[in-house]
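What Swiss-Prot says about this protein:
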{"type": "BINDING", "residues": "Gly119, Thr120, His121, Gly122, Lys123, Thr124, Thr125", "note": "ATP binding site"}
Amino acid sequence: MIQRRRPVPFELGPVHFIGIGGIGMSGIAEIMIRIGYTVQGSDAKASANTERLEKLGARIFIGHDAAHVEGASAIVYSTAVKADNPEMVAGRDKRLPLVRRAEMLAELMRLQFSVAVGGTHGKTTTTSMVAALLDAGGLDPTVVNGGIINAYGTNAKVGEGDWIVVEADESDGSFLKLKSTVAIVTNIDAEHLDHWGDFDAVKKGFQDFIQNIPFYGFAAVCTDHPEVQALTSRIENRRLVTYGTNPQAEVRVSNIEMGPEGATFDIIVSPRAGEAVRYDGLKMPMAGHHNVLNATAAVAVARELGVDAEAIAKGLAGFGGVKRRFTTTGVANGIRVVDDYGHHPVEIAAVLKAARAVTPNGKVIAVVQPHRFTRLRDLMTEFSSCFNDADTVIVADVYTAGEQPIPGVDRDALVAGLKKFGHRRALPLENPTALPRLIAAEATSGDLVVLLGAGDITTWSYALPGQLEALTK
């Protein structure tokens with residue numbers, strides 16, 4: 001039985017989550033269970049997330065049926081849930097409150113001071129890093145993340161402190177419902193245009209995200225990114241803390257070195273008023289220039305919240321990472337296999353740069369499962385030119401994510417695009433069962449294989465080391 005940790009304003013019946021196993025939904029559901037709500041929910045299939053919630057006391061339904069919402073007091077849903085879902089239809093018929101995921105997250109944020117982490121890329125890792133530094137500083141935050149934090153074994157936790165750290169999802173514009181005390185913007189790229197319509201609308205969304213903070217709060221923004229730097233000129237009456245590698249950044253990272261064990265770097269803080277503060281010789285067991293920038297954002301926020309230099313260094317050195325962010329799934333015959341969620345060209349390029357940095361004497365072999373036909377169509381040029389740090393690129397079929405195929409936008413089109421843009425070795429993957437033998441033919445001891453995508457390619461990455469071992473027996 002879970003102890004009720006905070007009072008709720010009314011006695012409510014069960015709160016029903018449609019798609020409760022989703023990474024964003026499951027985190028909110030877990031927090032609500034832990035603060036005293038009765039939670040139930042449905043999903044198309046059982047998963048590690050639904051099993052974890054069931055152990056915490058949630059009632060879980062597999063499949064969707066109108067009968068599941070009997071007795072519910074409210075329904076929480078995400079934009080992935082269609083209007084004709086039988087549970088949505090039943091909820092409307094019963095005149096139950098239908099609450100968007102972000103709206104429920106905003107309700108949880110009202111209970112504490114909050115840090116909301118936004119940006120096209122890097123949100124999940126940066127959220128985890130902020131949480132790690134606040135934990136190291138004794139602030140014991142509540143956390144709602146978009147990925148499994150290895151240190152917690154879950155994507156959410158209830159802390160005893162005054163702060164909540166959340167990942168702010170811009171994909172459907174719902175992050176504008178989050179009224180945070182502190183905001184972070186890591187970068188801004190042309191993504192999720194199916195919702196926003198055009199890039200100007202995306203940029204305006206991030207401007208509003210920052211303007212939503214109160215006068216006593218602040219936003220940490222990465223001015224290494226040109227669109228974020230441009231954004232700073234449009235923000236009025238809100239405090240900004242800039243960070244990056246450039247000399248104009250208030251929180252500047254320098255002397256970055258990559259090695260097999262991760263990154264080392266220095267940070268110097270040069271506030272507009274007051275003396276400069278140095279953090280020299282910081283170590284982080286995570287590769288990639290992009291992750292150093294994510295860590296710099298976390299340092300910028302942590303020091304503003306009162307975390308001292310010793311705790312910051314300890315928190316970074318002990319950072320356990322996030323599942324599906326450059327996660328090593330095994331080593332077979334000297335070949336390292338890595339799983340990564342990267343599915344946008346900017347993310348893929350950053351991951352491959354990190355892979356190259358930690359594999360100085362071996363080959364980098366990328367296996368990519370494009371995610372959504374519309375994304376591949378809209379960014380075909382970018383996808384065709386973002387794999388330069390991979391010696392070999394193996395392209396799988398597109399993961400549909402519920403979309404219908406688009407003529408001329410498929411695996412073979414991307415292979416052709418890679419070759420057109422000058423890649424020397426781009427290969428199609430006929431089916432997942434062919435992957436082990438293809439990797440065995442391409443890779444030797446000392447090489448790194450990274451599997452990229454937001455679909456079910458993650459299951460291939462965990463199976464691959466054992467499959468490679470079996471081929472040599």
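Positions of Cβ are set from backbone N, Cα and C atoms, glycine also.
The structure, with features from Swiss-Prot marked on it.
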{"residue": "Gly119", "record": "ATP binding site", "Cβ within 10 Å": "25"}
{"residue": "Thr120", "record": "ATP binding site", "Cβ within 10 Å": "22"}
{"residue": "His121", "record": "ATP binding site", "Cβ within 10 Å": "20"}
{"residue": "Gly122", "record": "ATP binding site", "Cβ within 10 Å": "25"}
{"residue": "Lys123", "record": "ATP binding site", "Cβ within 10 Å": "26"}
{"residue": "Thr124", "record": "ATP binding site", "Cβ within 10 Å": "23"}
{"residue": "Thr125", "record": "ATP binding site", "Cβ within 10 Å": "30"}
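Other than Gly119, Thr120, His121, Gly122, Lys123, Thr124, Thr125, the residues of this chain whose Cβ falls within 8 Å of the Cβ centroid of the ATP site are, in sequence order, Val117, Thr126, Thr186, Asn187, Asn294.
Lys123 (ATP binding site) falls within a helix when secondary structure is assigned with DSSP.
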